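Reviewing the structure listed below.
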Amino acid sequence: MWFKSVVLFKDQDYDKLRKEAQSSGQLFTDPTFPANEASIGGNAAGIEWKRPKDIAENPSLFVDGVTCSDLNQGELGNCWFVAACSCLATNKEIWRKVIPNHKDQEWDPEKPEKYAGIYYFRFWRFGEWTDVVIDDLLPTRNGDLVYAHSKDRNEFWSALLEKAYAKLYGSYESLDGGELAEALEDFTGGVSEPLNLVDLKVGIEEEARNDLYKVMRKAMDNHAMMAAAIPSATKEEQEEVMDMGLVKGHAYGITAVKRIALEGTGIFNMFNKEKIAMIRLRNPWGGTEWKGAFSDESEEWKKIDKESREKIGLTFDDDGEFWMNFEDYCKHFTNMSICRVINTSLFSFQTTWTEACMHGEWVTPHFSGGCVNNKETFLKNPQYVFDVDDNDDECLFQLTQKCGRGGEGIEKTTIGFSIMKVEYNRKYRVHQMQRITKSSAFKNSRGIFLRHTLDKGRYVIVACTFEPNVKAKHLLRVYTTGTSHAHALVKDKPSEKTLSCLPWFAYPSVVTRVTIIRARDLEKQDTIGGADPYCQISCEGHHYKTSTIKDTVNPEWNSSYIFYRRNHRSKPIEIEIWNSNALKNTFMGRQVIPASTEETDKIYEMTLLERENSKDKTSKAVPGKIFLQITTSTNLELL
């Protein structure tokens, strides 16, 4: 993920601009994001733009590394961004990508001539990593930084990162009231999964709570970034401090999830340890903290042994960071977001995913049909096909629209998607509704996430806006554990070939869909009275095989295939049933689908036959029947 090409925001090349500034002896001043009211995005009264050297005695990008305590929110209502920065600070690999070449960008007091007043940061933006160049002029009031700042007056990485993000999205004010999931994705290129803790019932059901803890613990181990919030129901509730010290409308970064040993569980009790699930959070405002069990200096900390307290670095500073019992966390917080940095490396002990990224566009009148409620136009949307190699395969999906902040002024619209299981060999767009396996939620949000387990087969994702006739661009990302072969379906039917006048290049005259439903009463193949049957279906040189169903003479397949046929009368579709063996597969029976030009979902119950006699072209019946559903039409865009 990290090694894809990088886009230069505003076509500004950091290395080139830095060399020019160094050669001129003048500190860099950014003409694309000037120190004026437009860059603030609102009232700039009393604001004076200053460089770090005019704010602090010994300015540095970092002071003693990057930590959560470096972050303090300023006057902007962007705790979502600052909370995401808190998460960023806990992951060295990620912050080094967001702040590239950090050592080279650092102040060097021994070589002051090297400093040019220019920085750059890297963000993920609509499928591309984007380098954003800024100068070091920062908004101040009475000599103090107005917006995000570090607890140490000499440290400036958080203020500079916020400025680069504000430039990416147009102004500082554009960061007021954003979404936490967006910032997490912009830092990582990962996929954010929003979770409603009330809907999950984690506050009242122990099993659900334990499941969530496992998910969060695994996510933390895999370097995911997480944050939580208690949304305010009204504007008046925004910033309301609740009885237990939590603040409504604030995003809290989650910096640790672990079980901690209780007092008295030392070496003599090492096989009977009692551990309590705990979570550490940080309020980027600082100061206001949790007042319940395990709050700073509470009696509950006396239950934790000294070794555990030292291991987790327990302090009681008034810095906005605090621990909670996991059960209290589940009862008091209502929303959270997990941003997974998807591992696509083949050289890893973690789960490895195959990633497919597909850009698309909703365009009227042919590719903006609205959600499934619009039955006549739903399939007139962008369609994407992908394969799942194994049963019970967990897949991740993320649909992102280009909109809102930094989206060229385009307003967000309500988006979502539906997944249909289709024929195993489908190559062209779907024209007839098929069974929807799963649909995402539909939200007026930049991104929609879905995690779902699918069985082996081929699927089509229909990406859509909720209302029809909406124009917008989108990015669909699909993650599977096997190769998905994901791509957009563009063509409605086969293209005519130049030599279509020749028989072997003739254009198809009919389309046929065959669903192999089941077989009944097949001949027993082993001593214990079972079989391991599979089907092979053949049509005009194309051959496909169903999955093998173990230990049965009454297999259920429900596998569909679609064929665009040139010679449907002279070259029928043939189906054979075979028994799977370790040494040699054995033939069990066959059938031929009768020629037809028009039939819709017709059910066939057909007795199996032996192989055709080469002399008299006859076939005798063998044990078993096969059940098929067949649709055939001369309209190649029917299915």
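Backbone N, Cα and C atoms are what each Cβ position is placed from, and that goes for glycine too.
Caution: TrEMBL annotation is automatic and unverified by curators.
Lifted from TrEMBL, the feature list:
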- Cys79: active site (ACT_SITE)
- His250: active site (ACT_SITE)
- Asn283: active site (ACT_SITE)
- 27-342: domain 'Calpain catalytic' (DOMAIN)
- 493-608: domain 'C2' (DOMAIN)
Would you list the DSSP helix, strand and coil counts for the residues of the domain 'C2' (493-608)?
3 helix, 57 strand, 56 coil
At the level of the C-alpha atoms, what whole-angstrom distance separates His250 (active site) and Cys79 (active site)?
6
What is the separation, in Å, between the Cα atoms of Asn283 (active site) and Cys79 (active site)?
8
In the three-state scheme derived from DSSP, which category covers Asn283 (active site)?
coil
Looking only at the domain 'C2' (493-608), what is the mean pLDDT?
90
DSSP three-state assignment for His250 (active site):
coil
What does DSSP call Cys79 (active site) in the simple three-state scheme?
helix
